[in-house]
Amino acid sequence: MAQPLTKTVDTEIDWIAYMQQVTQYIAGERDYTKLYGDTGPLVYPAAHVYIYRLLHYVTNEGTDIRTAQYIFVALYLSTLLLVMQCYRQAKVPPHVFPLLILSKRLHSIFMLRLFNDGFAVFFLFLAIFCYQRRLWTAGSLAYSFGLCVKMSLLLALPAVGVVLWQGMGRDRALRQAVVMGQLQVLLGYPFLAANPRSYLSRAFELSRQFLFKWTVNWRFVGEQTFLSRPFSLALLGAHAALLTAFLATRWLKPTDVFPVRAIQQLINMPTEVERNKIARMITPDFILGSILGSIVIGCLCARSLHYQFYTYIAWSTPFLLWRSGMHPVLMYGIWAAQEWAWNVYPSTGASSGVVVGVLATTVIASWLGSGPAAERPLADSEHKHEE
């Protein structure tokens, strides 16, 4: 019977595989189909390789685990500081902040497991912070770099697109998309030049097969259902439906018109007065809520979540629950249930049910928290402070 983790366990889950793959890269291999470790093929984009290439160097070819853990302690604290700054920009009250530092599972993911998700979530919150400060290009570069560490950040892309399109206008937002794409090409060039198909199919693989034994979220449905195609299609349909609902009722709210008219207005370029009015509604609160909401929607509808995905959830839940107007006692209770569920290893039917239940509650909270009275417009002085 599974029990919550009560002691420190071996750190070397993926670290050895990362080092093996980097060793092959150092030896000159650039074909992604030939980069393998003990856990299987390399399935992360180029920035992951470069980061762990540096770690390979500073940790004596990956053998100095203690130094690696010190580096990840610094990464954790830096990310925590960024998260707190993002919350501060959104005017989150002090009673929410303890939830950002109390997670045992989050400490384990960063400082014991040494997963690449720590770097991905760092660049995600760096992007959010830059967007909140209206440093649009810096934010887009940070987001694109994080995406080039791990494709999990694709979950945030719908909201990132909405934020940029409404915050900058059509033409400037499209230029931001080009900048993101150019960075992806630049970082991936050594591998794209060697074998573009292998790089794109491995680093951004969308048809990956999931194993039931590793799932944290859907264990309670049973293995037969989990592996079935109808279940996969149902989750995909739910993801599309939720994104459409949020787009129509929440994320296009700054346009202050009917959704179909809002889309037409954004595509056809509003007048300067209308564009400035829309841009002033892209507040730090709106940016943080939209992007974190998009991530939680994606996690709720994901076919399989592994423990490292908690890095994207743990710092999203407190903000979205608070933003809904939930009483602090209830908010802390839901957080505690989530933390318990993510600390059960291996996952059980009960723990996975709690994981999905809390994610569903958080999505509902995100919808409620982004209602008509959720944001105030930026003042003119705040709106003008941008790139």
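Glycine too: its Cβ is placed from the backbone N, Cα and C atoms.
A TrEMBL annotation is a machine prediction, not a hand-curated record.
As written in TrEMBL, here are the features:
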TRANSMEM  67-87  transmembrane segment
TRANSMEM  108-129  transmembrane segment
TRANSMEM  141-165  transmembrane segment
TRANSMEM  231-252  transmembrane segment
TRANSMEM  286-306  transmembrane segment
TRANSMEM  312-337  transmembrane segment
TRANSMEM  349-368  transmembrane segment
Spatial neighbours of the transmembrane segment (108-129) far in sequence, C-beta under 8 Å, 6+ residues away: 5, 8-9, 11, 13-15, 18, 44, 47-48, 51-52, 68-69, 72-73, 75-76, 78-79, 82-83, 85-86, 89, 139-140, 142-143, 145-147, 149-150, 152-153, 156, 160, 287-288, 291, 307-312, 315
Top Cβ-contact partner of the transmembrane segment (286-306) among 67-87, 141-165, 349-368 (pairs under 8 Å): 141-165
